[in-house]
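Contents: one structure, followed by commentary.
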């Protein structure tokens, strides 16, 4: 009798634990963050293609798209472009681009985007005309409010010297942020020295004209927009009961996938204090942006890894990053076919690498685990909505 009672207690405990686990999964907030990096956006594009393919297999649905699974998708610079591609609706109200169309997009348009050189010593390296043309053709007149999930795309307004964050959740308070997606995409990609800043106008709540003078989102925040994406997700909690679980930044209730565009450890080996002490403005200008982007990206990852681990939820955060780029793959504007093929190879090889020295799980295995969580969560929410 005692044995039977103990067995029943054990079953109840298992069921309670299972129920709690599924309830927790259902309440989780899912966030996708995509770094900036110009043509190196091919690397996260390759990763996204793998992830979306896994979701399609798990749900037996060839039409499954990333926007169906993430509550917030954020990006800066080329990450902002990828964000727009997978969240902007087409005529059927589905994302105009599947993940497997991202890399072909770069191969088709990259050589033209990074080929329209101004030929001037003073001024930006590229005129940006082809970039704007292809954005207008693909994104049309779509505005922020039409995005298929919450977005977080950053820029810096050089007239006000303040960051501008384009999100759906801010539109009620700041309707001037309901800009056209092609204006937003160009702005977040307008890296100083590479592309001209972007000027455009929208209307305020009173109908007055509102001006934007914007440059690359990485200048406003950092190349890794993960913290920005989290802050947007947290702000949603103030308005949507479905997000109540993260009102106090409870990372146990959050799934965060952060995709990098690759960095290199060459700087650590190449420059010494003695050598750089002799540098002037031109020498520093050539490398300072890469140095600061790499450092800020590392610190963001370090911070997030620490806080997720502190809440015993390290499995909820995955940073996918190649830290050993070499040669032309380090360049944000080398759109030669050979280099783009190399970037695809970097992304594919990255899937086979371990997540870290302390975690033998490969990125491919980790992404499959994430895909399973995303799939299960979507099914749980769909079942709840059907009652």
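For all residues, glycine too, the Cβ spot is worked out from N, Cα and C.
What Swiss-Prot lists as signal peptide is 1-23, and the listing cites sequence analysis.
Annotated domain 'PNPLA' per Swiss-Prot: 32-230, in sequence order, evidence recorded as sequence analysis.
Marked as motif 'GXGXXG' by Swiss-Prot on the basis of sequence analysis: 36-41. A Cβ distance under 8 Å defines the sequence-distant neighbours of the motif 'GXGXXG' (36-41), meaning residues of its chain 6+ beyond its ends; these are 75-82, 102, 106, 110, 114, 188-189, 191, 194, 216-218, 223, 225, 260-262, 293, 325, 329, 331-335, 339-340, 343.
Across the motif 'GXSXG' (75-79), the prediction's mean pLDDT works out to 94. Swiss-Prot lists 75-79 with the feature motif 'GXSXG', giving sequence analysis as the kind of evidence.
The 10 Å shell around the Cβ of residue 77 (active site, nucleophile) contains 33 further Cβ atoms across the protein chains shown. What Swiss-Prot records for 77 is active site, nucleophile, and it gives sequence analysis as the kind of evidence.
A coil conformation is recorded for residue 216 (active site, proton acceptor) in the three-state DSSP classification, outside any helix or strand. The Cβ of residue 216 (active site, proton acceptor) has 28 other Cβ atoms within 10 Å, all protein chains considered. According to Swiss-Prot, the feature active site, proton acceptor maps to 216, an assignment based on sequence analysis.
Each residue in the motif 'GXSXG' (75-79) gets a DSSP state, and the totals come to 2 helix, 1 strand, 2 coil. When Cβ-Cβ distances below 8 Å are used as the criterion, the motif 'GXSXG' (75-79) is approached by residues 33-41, 44, 152-154, 188-189, 191, 216-218, 220-223, 225, 228, 259, 261 of the same chain, each at least six residues removed from its ends. Annotated pair residue 77 (active site, nucleophile) and residue 216 (active site, proton acceptor), C-alpha to C-alpha distance, rounded: 6 Å.
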